[in-house]
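What TrEMBL lists as Ca(2+) binding site is Thr513. Taken from TrEMBL, the feature disulfide bond covers Cys360-Cys393. Feature annotation from TrEMBL assigns signal peptide to 1-26.
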Amino acid sequence: MAQMPTALKLVLFLVMLSMIALLELAIIPRVHGPFRYVSEVRAKATHFRPTVSIDKFIPSPEEDLDDVQKSRLSAVRQAMVHAWSSYEKNAFGADEVGPVSGTRRQDVWGGIGVTLVDSLDTLYIMGMHDEFQRARDWVANEMDFSHLGKDGGTISVFEVIIRQLGGLLSAYDLSQDEVFKKRAVEFANMLLPAFEDNVFYTHYNVYAQTSKLTNYYWWQRGLLADFGSLQLEMRYLSDITGNPEYAAKGDAFYEVVRREGSYQNTGLFPIDFEPAYGTFAKTDSFITFGARGDSFYEYLLKVWIYSGKHDSFLRETYDAAVDGMERYLLVHSEPDDAYYLQELLIPSMEGSPKQDHLLCFVPGMLALGTLGETNATKVARHLDLAKKLMQTCYTMYSRQPTGLAPDMVEFPGYRVLESSYHLRPETVESLMYLYRITNDTTYREWGWHLFESLEKYAKTTHGYGTVHHVDDLKTYYIEDKMESFFLAETLKYHYMLQTSSSFLPLDKYVLNTEAHPLTINHAANKSKNVPS
């Protein structure tokens, strides 16, 4: 028998290897653990295939965790599975689902699928990739903005930028799927009429079809948090598109901040802005780190971090604000041995002894601001303040029989002024930052107590709902309301609190005010629009 030619042997050998490889692909099951993929053959040509190496997320969220921590991490993930599966079953593509009734609520924020888009990165981070794929395909094929404003309705520029645009940008950052970038650009372009060229502000509302603009109040004032909480998203969009217009539109408000300066050189700013004059309110306003002012201060720090710490004006303004907060807002309630941040009436500077839950982001902000800081005195002072305020925010929960915090309390005595818990994320957000910065496991334990209370008192058939009367076990009840930020923020922060600190590390990612992670631009990318 003649010998087979060497070249033919090689060809047959390669064919056999190929057949073995195909057989292995056919029998290996898809792995559902975080950040591991085996591709499935799908009919849709739009099927998502990750283009970022999974090494981006190594080490895994479970690295260095003991069995207790792994169990807790799994429990948080299951909470997301529970909330998302009900939304997907009953209200996929709608703005919200009713957690008690399972009702589809199509138009809460304009009918643009806010819960879906707000949840994209949480799905991805928790390894829920089949769910992420289906949501991705909806964004690619069904997300529609053309109806906005047709019936005279408006959309909140602030809310949709942090939720919708932020969600799209973070999904792009994590997956590198171009469809998210494309839809983000389309959405941002629709919002551009809200940014007028001749003044340094954005309008609170925009009629998307007619470009008609309005502000929050009938006398046409705007809010500090609204104008000062979109620069991170707009800068990121400019960076990934190469179009400087987005960053310029957002950064224009920082020119006002520099030109006007703080109120009476306190380092603090009124919550009301007079767009007609380009000035901050001098009367009938407040100074607060709580509602309507909060994320302006948060973004001074986070935009500086995102810039690679090149925009010194932002860090200087942030540090001055923290100094002003300590001097003018920080109060020690002696009967409670508790520190809280009052709000001040303008122009009298009279203090009000109340604190809202939104303000509980401050301990985390202070902790984040110490990361990489070389001034040891500043680090010690800011961390000490963060820990004191963190204790107060946690006590707002632990004093209640439900273990859930009221939306507002008054001192002394933590007297409940507003007894509802709206599934807000600020306290667990701060616990996550403080744990990661200090490595003190106390904050992890406190977070777990909060999560257990969520499971016991806020969980419903179709998700988790706002809890009313958190201070009374006899009268408490769950409202048929689940905000998108519960999936975007609250559960994500609980997850990050229980993971390894090297998972989504804080020196590589900055989270927007809706907890959407964006990769920090470490390049020397100093904005030309913000003076230093």
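Cβ from N, Cα, C; glycine included.
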Hey, does DSSP put Cys393 (disulfide bond) in a helix, a strand, or just coil?
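It is helical.
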Give the sequence-ordered list of residues that share a chain with Cys393 (disulfide bond), lie 6 or more positions from it, and have CB atoms under 8 Å from its CB.
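Spatial neighbours, sequence-distant, of Cys393 (disulfide bond): His357, Leu359, Cys360, Pro363, Ala405, Glu426, Thr427, Ser430.
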Per 10 Å Cβ neighbour count, which of the recorded positions Cys360, Thr513 ranks highest?
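By the 10 Å Cβ neighbour count, Cys360 comes out on top.
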Please classify the secondary structure at the residue listed as 'Ca(2+) binding site' using three-state DSSP.
coil
